[in-house]
Amino acid sequence: MKGRSLKLREAHKSSGAASFCSILWDLRAQHLLTSSSNDLSICIHDPLLPSNSPQILRHHRDGVTALALSPNSTCLASGSIDHSVKLYKFPGGEFQTNVTRFTLPIRVISFNRSGSILAAAGDDEGIKLINTIDGSIARVLKGHKGSVTGLAFDPNGEYLASVDSIGTVIQWELHSGTALHILKGIAPDTGSDLSVLNALSWSPDGETLAVPGLRNDVVMYDRDTAEKLFSLRGDHVQPICFLSWSPNGKYMATAGLDRQILIWDVDQRQDIDRQKFDDRICCMAWKPNGNALAVIDVMGKYGVWESAVPSSMKSPTEDVPSLQSKNSNGLLLFDEDEQEPSASGSLSDLGEDSHGESEPPSRKRLRKQSTYDEDINDDLLSSLPKVESRKKASHSHKESLNNGNEGLKSTTSARLKMQEAFQPGATPVQPGKRRFLCYNMLGSITTIEHDGYSHIEIDFHDTGSGPRVPAMTDYFGFTMASLNEHGSVFANPCKGEKNMSTLMYRPFSTWANNSEWSMRFEQEEVKVVALGSAWVAAVTSLNFLRIFTDGGLQRYVISLDGPVVTASGFKDELAVVTHASHCLPSNDQMLKFRVFNISNGTQPLKGHVPLTPGSCLTWFGFSEEGQLSSYDSKGVLRVFTNQFGGSWLPLFSASKEKSEENYWVAGLNMNKLFCIVCKSPDLFPPVMPKPVLTLLDLSFPLATSDLGAETLENEFILKNMHLLQIQQRIEEMAAAGLDTTSLDDEAFNVETALDRCILRLIASCCNGDKIVRATELVKLLSLEKSVKGAIKLVTALKLPNLAERFNSILEERLLNETSRPATLPLTSSNHDASTTPDVVMSKFLTSIQSSKPSQPVIPLPSPQLSSPLFAKKGKLQEGAKVGNEKVEQRRTAIVENIGKVKSLAEVKSIEDVTNQGEASIGEIKNGAVNQRPSNPFAKSSSNQEKSSLFDAIKKMKKVDETGKR
Amino acid sequence: MAGQSDPYISLFSAQEVEFLGEDEMVEIVPNMRMDPLNLICGDFGPFRPQIATQVPLWLAVALKKRGKCTIRPPEWMSVDKLTQVLEAERNSLREFQPLPFHYVEIARLLSDHARDDIPDVYMVRSLIEDIRNVRFHKVETGLETIHERTHAVKLKNLSAMEANIVRPFVVRALQAFYKHDSPEMIPQPDTTAIRRRQVADRGPKRDRRY
C-alpha cells in the first residue's frame, strides 16, 4: 500500500469530543461546506484556497447536524440540535427562513432530485417532507422506532429510503406515503453514540440502494424488490458508518469505525484504494466534477483526497448518468416552483397542522405534490432516455457501452465550458482587495472597488522613465485594461440597461489637452481590449474587432469568426485568440489565433492555439522580441516559430519545476521567462506587497536520454532556435534594406556558442560511447575551426576511427566550400596570395596535433615559392620540429590528403590546368576571391576575407580551450 | 586607520567596521533600467525594473537614497528568524548562533536607510539589539574564564563588531598573562610584534581564535 497520507485541516473546533460533522460540495465544486454538531457555524470553504478563512454562517443556536444543498446549488438547508431547519441562499449565504421546527434534535436532511422537497428527520418519530417553496409540510412519514439518521431520495423521484439508529431501513413510496419495504435490523445498531449515524445511499442510476451491513460490509438492495443483490466486503474491521457513491456510480467510498476509507470498484466488488486517518471519518463527498473526495472526521477536520480513484482507472466523473437532467431540470423546476405557490398556496395555510397523515386536505395537497413529482419524473425520463437505457443496460454489457457514450455527451454540455474571455495579466476580483487589471513588463494597472465606484492606479515598474499618471476614480466600473508606453485603455462590461459598455483611452503624454476619449456600445459589450503603437483594439460580444487610432478615430471594424478569448498588442501587431468551436468532450478548448498587422492592414499569421489536454489558456502575448507566446493553466509556455511552416514550440513546463509553486506569467524574452512566483494554492499574486518578477530559464520538455546530458541537449536545441530566429530577422532586415551588422555579430556569437555546446555534446557522446550521434553532431558544426576542434577532441579521447571519420567529414566540407568560390573568374598571377593556403594548412596541422596545443596558431607567412612540393616539404619540416615521428607521419598523410582534395577540386572546376600547377592554383583561388592582381603583400585585401580569417583564428583558440576541457 | 596608528590598540572604529560591512551582498529590486555596472570589485546588474538582483550593500544604499530601488531584507532579518535566533542564543550559554559576520552593520544600515522595506522594522531592530546584548554578555562571561594557563580563546561565530570590541582586550590580557606566567623570560619586542601581526592576520576569517 502506498504510504500517502492526507493532511486534514481544522474547520470546526472539536473540544475533544467526537461530534458528527458533515461535508458537501456545491454543484460546480467551487465551494466546500462543512458543519459540526459541536459548532453553531456552517463554514463555506473555497477548495482552491483552503488557507483563506471560510465564510461562516451563524444562525443556529446549537450544533449543526445536517447540511443539504439543493441540486442546482442555489439553496442551502441546515438542520440542527436546536430543533430547527433553516434555509439559506447559496452561495451568498443569506438566511432565508426557518423552514420547520421539530420537538427534538434533527439528524438528517435531504433534498429530492428537483429541489422541490426537503426531507428532514431526527430524534422525532416522523420524517417530514417539506415543500421548499412555501415551507409547508407536505407529509410526515412515520414508522421508525429509533431516531432517523439517514435519508436518501431515489434519483428517479419515486422512493425515499431512510435508516434509523437501530438499523431499520424503510423504503417509502413518495406517491402514497406508504412504507413499501421495511427491512428490520439490516444495518448496524449505532446505539446512543450520536457521532455515528447510519447512512444509506442510492446509486446515481437509482437501481440499487447501498446500506451499511452488519458484517462490516456494504449491502446492495434492489430498487423495486428490496432484495439483497450483493455486498462489498473487504478490509473494514469495524462497521461502516458512511458511504458515498461516486458521481458515475462506478465507485463507492466507505468510511468505517476502524478509521479508514476504502474506495471500491462497485462492478468488480473489489476495493481499489484506501487511506487511514487519525480519527474516524464521519462524512465524505465526491467532487461532482473531478476525481477527488472531500472528507471530514469527527474532530471537525476536513480535507480533500485528490485522485481518490487511481488515475489509471476510469475517472469517477466519467459517464455520469443524468447529470444534465439534474442541472437543467433543477433550474427549470425551480423557476416553475416559483409560480407554483398559487397551486399549493391554499394548502400551505394548513401546513402547520397537517402533521397528521389522515387529514384530507393535506392528502389532497399531497396528491398534487405527488403528481407534480410524477411530472418531474416524466420530464426526467422524456428529456433523457438515458435513464431508461440505464435500466436495460444493467443487463447487457453491449448496451452499456452505447450508454456510456451518451452519458459522455450529456456531461460534455453540462460540465465542460468554453473558456471565458480574459485580459492577459489580469487577476480575478477579490472583495475588498486591490487587483490587477493589467500587469505587463512595463507596469501595472490596479483597481479596488470602494463604495460603489473604483479607484484605479497606473504604476510603471521603471519609475524613472515612465510617465507619472495620477490615480483616477472610475465611475464606470472598468474590468478590462491594457497598458503600453503611450497610453492606457479601459473598458467595462454592460451592467443592466442603463450602464452601457464603455471603452476609454487615456494617452499619457500628448500635445493637445483633453485627448482622452471614450466610446459607448449599444447592445454590444466589450470583451477584450488591446493596445499597440498608435492603435487601440476592442473585441466585442458581437465578435467585432474594432480598431481605433489613438486619437479616437474609428478606423476599422472587422468581424471575427468566433467568440473572443483574449487579445494582445505589440507595436503594429495585434494577436486575437478566438474559439474555433465548442470544446471537445475531452475538455479541451479549441482555440485559434490571428495576427493582424494594423498599419499594413495585413494578416501575417493565423492558426490554432495548442493547449495541454484539459487546460485552458491563461496568458497570451508577445515576447520582448515580438514572438507570439502562450501559457496555459497546466503551466506550459509555447512560443510561435516560423519553422515547419509555423508551429508552436513548448519552451517551458511548470511541472518540471517545484510543485508547490505556481507561475504567473508577465512576459518573456529569448532566454528567460519573467513570472511572478506564487506559493501553491494561490494562482495569482496580490497587488500588495508589490510582486517581484522571477526569471526562469526556458527549456524544452526533453525526454530523458541515455546520454545524461540534458542541460547540454537543451542548450543545443535552444541555441539552434535562436540562430534560426536571428537568421530570419537578418533576412527580414536585409529585405527591408536595413543594416544588419549588429545582427550579423549576434548571429556569429550564437554560432560560436552553439559550436561550443555541440563540442561538449560530442565529448559526452564519446564518453557515453555514442559514436554515431557524435558524427551527426560534427556535421552540425557551423564553423570549420570547430570541426577541427572536434577532431582534436576525439584524438585526445583516443578514438582514432572517429577522428578519421571526422576528417573525412571535414574534407567533404572543404570540398564543398572550395568548389563554390572556384567558379569565380581567375585573374590573378601565380604569386598572388601564396600565404593564405599556407596559413590554412598550418592551422590544420596544429589542430590535429593534440600533443602540442600551444603551438602558435599563425605561422609567419613563409616567403616560399608557391610550388606544391615545396610547400608540403616546408610543412613537413615544421612538423618534424615539433612532433614525434609517428605523429609526423600521420600528419604528413593528412596533409597530402588535403592537398589532393584541394587539387582535385581545382581540376574539376578549372579544366585547362596542368598537373604541376595544381597546388599553386589552389593558392591562386584564394587570391582570386579578392580579384586583385599582383600585390603579394596584401594577404587578403577584401574586408570580408580578413575578418572571417581572424575570427576563425580566434574561434579556434576558443575551441582549443573547450577541447582541452 | 586606527588600528595602524596605535600599535597597542588594534581597534577599528564602529564606522570603519561598518565600512567593511558595506561589501556584503544584498538583494535589491530596482525600479529603473540600467546596464550592468562594471566595477573593480565586480560586475553588478543588469538592472531591470521589478527584477531582483544582487549588489553590495553600499550600492544598494546609494540607489535606495536616490529612490531607485527597494532593498529586500535578507532572510535572517525576519521577525521569525530573529526570534528563533534569540531563543537559541539564550538557551545555549557556550555557543553563538551563526549569523552573518556583519549582521550588526547590515541591520543598522538597512534600518537607517531602508526602513520602509523591512516588515516590522521596530520589532526587528529591538530583536537585533537583544541578540547583540545576549551575545555580548556571553562574550564577557566567557572572558572571565581567562587565566594564566589560557593560550588562546576560541569564539566561534563571533561577528565583526563583537570581535572588534573584544579583540584589544583579549589580546592584551593574554599577553599580560603570558608575560607574568614566565617571569624568568624577559619578553622581547620581537615576539610581541609577531604575535600582534598574527592577530591582525586572522582578521577576515570566520572562526576566530585569539
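Note: Cβ is positioned from N, Cα and C throughout, glycine not excepted.
Since this is a predicted model, take the numbers as computed values, not measurements.
What TrEMBL annotates here:
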type	residues	note
COMPBIAS	A:352-362	compositional bias 'Basic and acidic residues'
COMPBIAS	A:387-400	compositional bias 'Basic and acidic residues'
COMPBIAS	A:928-947	compositional bias 'Polar residues'
COMPBIAS	A:952-965	compositional bias 'Basic and acidic residues'
DOMAIN	A:25-304	domain 'WDHD1 first WD40'
DOMAIN	A:420-702	domain 'WDHD1/CFT4 second beta-propeller'
DOMAIN	A:712-814	domain 'WDHD1/CFT4 helical bundle'
REGION	A:338-409	region 'Disordered'
REGION	A:916-965	region 'Disordered'
REPEAT	A:57-98	repeat 'WD'
REPEAT	A:141-182	repeat 'WD'
REPEAT	A:233-274	repeat 'WD'
- Query: Who are the chain neighbours of the repeat 'WD' (A:57-98) in space, where the CB to CB distance is under 8 Å and they lie at least 6 residues beyond its ends?
  - Reply: 19-20, 22-24, 26-28, 30-31, 33-44, 104-111, 113-115, 118, 120, 122, 130, 132, 135, 326-327, 330-331, 334
- the repeat 'WD' (A:57-98): mean pLDDT? 87
- Mind checking how the domain 'WDHD1/CFT4 helical bundle' (A:712-814) divides into helix, strand and coil residues in DSSP? 89 helix, 0 strand, 14 coil
- Pull the DSSP breakdown for the repeat 'WD' (A:141-182) and write it out as helix, strand, coil residue counts. 0 helix, 24 strand, 18 coil
